[in-house]
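If you check TrEMBL, you get these features:
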type: TRANSMEM; residues: B:12-38; note: transmembrane segment
type: TRANSMEM; residues: B:58-81; note: transmembrane segment
type: TRANSMEM; residues: B:93-110; note: transmembrane segment
type: TRANSMEM; residues: B:116-139; note: transmembrane segment
type: TRANSMEM; residues: B:203-226; note: transmembrane segment
type: TRANSMEM; residues: B:246-268; note: transmembrane segment
type: TRANSMEM; residues: B:280-309; note: transmembrane segment
type: TRANSMEM; residues: B:329-347; note: transmembrane segment
Amino acid sequence: MLDTAMLDATILGAVLASIVAAATTLLLASLGELVAERAGTLNLGVEGMMIVGAAVGYATAYSSGSLLLGTLAAVLAGAMLSLVFAVLAIWLATNQVASGLATTILGLGLAGLIGSSFVGTRVDAAPALAIPGLTDLPVIGPALFGQDAFVYASILLLIAVTWGLARTRAGLVLRAVGENHAAAHALGHPVRRIRTLAVMFGGACAGLAGAHLSLAYTPFWASDMTAGRGWIALALVVFSAWRPLWLLGGAYLFGAVSILQLHVQGFGLGIPAQLLSSLPYLATIAALVVISALKRGQGAPASLGVPFVPDR
Amino acid sequence: MPLRLERQENISTLRLAAAPLVALVVTLIVGAVMFVALGHDPVRAFTIYFIEPLGDPWTLQELVVKACPLLLIGIGLAFCYRANRWNIGAEGQYVAGAVLGSWLALATHGTEAGPWVLPAMLLLGAIGGALWGLIPAFLRVRFGSSEILTSLMLVYVAQYGLDYLVRGPWKDPQGFNFPQSVTFDDVALMPLLFGEGRLHGGVILALVTVVVATFVLGRTLIGFSIELGGSAPRAAAFAGFDEKRVTYGVFAVSGALAGLAGIVEVAGPIGQLQPTISPGYGFTAIIAAMLGRLHPVGILVSSLVLALTYIGGEAAQISMRLPFDVTRVFQGTLLIAILAADVLVRYRIRRVEGASHA
């Protein structure tokens, strides 16, 4: 009797832990995109930057044997690819939707090229870091406090972004640029430089999310391994109504949907596996509909998606 | 950096037409760098990629066959993009059309059904794609949801739906458990244009679409309302054009053309349903639409160029063991280059003296 209870608790703990892991990828990527969008730039290249991060991170970690080096390379790769987008969308004022799509297509191709020689290999996943005292708590201890560095980093990043946007001067300027770039320009703020930095922050975060995917969550390289997570991260930003704390709820909700559908598949209840696999995407659509029906676009930065060209 | 974009007045048509060419050249240069980085002789790679396919009659036919879905989908997307509606889920509409059209092929399989089957399949394919495309349109009009994200999410849903069908209810019972449907009957297959070879009836359909779309977009009130709704929504509203109807209209057209492309591909070169029926035509067609300047004739040319990257990619895969991702890099670079070239043709970069900030 006691044994089954303990077993149940262990399974529950394992499920919770995998939800946390699935949510972390989404949280990292959506935090970065939120910052880019609060500065007024819609970057649809998240999927591409994430998968480039996954590929470069894996390749570097596998070749050097260092997860830290791999992670840094992933962050750098994501930021570099976002710079391509920034040059197009911010400095040449091209259409942001098309530029973001181009970034994603290019990223998917580059990642496939980089990853092709690593198919079938494995690295040791990022180790779990225990927090003394907390990790020993039953059920939630291992789930929440027996995680790898990426999970803790995502929470620290969430706090930093929330605080930074709301409480610092840099955050205020960034928001001003996103709300009214003409006014921010008139006040002497370098609109395009700020947006470029915000987009590059987003790229770095997407790269980090990719590294989490290929170095911790599933420690190997598979082509197209992001499987639309970058797009779901974009949807989460809309879902959060551009408030960082809401990303936490959104990311964990979607993490839960994507993990629980896997477990339901495992039970074999006669529900087609494909229907369950499409649940995260259907849930994304449902979430977008609900949030847009309720808020009707409120909360979006006023200059979002509008290119800034001085005196044009 | 005190640089500024200055709008150029009176740009010659020649300059505008030069932008896609400049983009192509830039892409080739990037490609050369990529081949060198991968340790291949760029001259040999380019020969295999872009020259050899053009010298062989069989591959030339294959080129046209691959351009066909890109052209159909790309023209549909031009309707959307001219209206500033961002349908990026054509891949899903393609699958939805293929599925609905194939339903008839499978329902009439082994019966005495006459030659009406194929036209009815094509119609169903267009309807299936249009219905799938109308979902994001409805969600945008009714709830204000971003059509970009919803149309893309529906790609995954459609692909899983197809996967379910070919592994489940529509699986060929005599197929040794392979995830594929029965091979379509002759009345459900696209006829070959010359009785043999690769060219099929879909090529004619695509060319007719070019003519019709050129007329509708360029010479009718519908085309004008799409264009105006995209470039000056307020003016369009004052002129009495209904924004919602434009949204539904362009999504229905682009969905229908993508669905048509899907069923043509399944009833043509493939001949049966299987889990994968597209090497990403729905996404590549976005580039075809952009590179072709959202003009049907331009998209005709750009579809052929992009089809060449597919054919060359397959050849390079076989003879140089290059991963197929080289093709995606080419396609992504091409889109980036065309976006940049477009701006640089219309604007001039000027150094601004004494500017304190950019």
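Using N, Cα and C of the backbone, Cβ positions are placed for all residues, glycine too.
Quick caveat, the model's predicted, so the values are computed rather than measured.
Sequence-distant residue pairs (6 or more apart) of the transmembrane segment (B:329-347) and the transmembrane segment (B:12-38) include at least 3 whose Cβ atoms are under 8 Å, placing the two stretches in contact. Outside the transmembrane segment (B:246-268) by six or more residues, the chain places 65, 68-69, 72-73, 75-77, 79-80, 82-83, 85, 87, 90-91, 93-102, 105, 118, 121-122, 124-134, 136-138, 140-141, 147, 184, 188-190, 200-202, 205, 209, 222, 225-226, 229, 236, 277-278, 281-282, 285 with a CB less than 8 A from a CB of the stretch.
Between the transmembrane segment (B:280-309) and the stretches B:12-38, B:58-81, B:93-110, B:116-139, Cβ pairs under 8 Å are most numerous for B:58-81. Through the fold, the transmembrane segment (B:93-110) approaches residues 69, 73, 87, 117, 120-122, 124-133, 155, 158-159, 161-162, 165, 170, 181-182, 184-185, 187-188, 254-256, 258-263, 265-267, 273, 277-278, 281-282 of its own chain, all at least 6 residues removed from its boundaries and within a Cβ separation under 8 Å.
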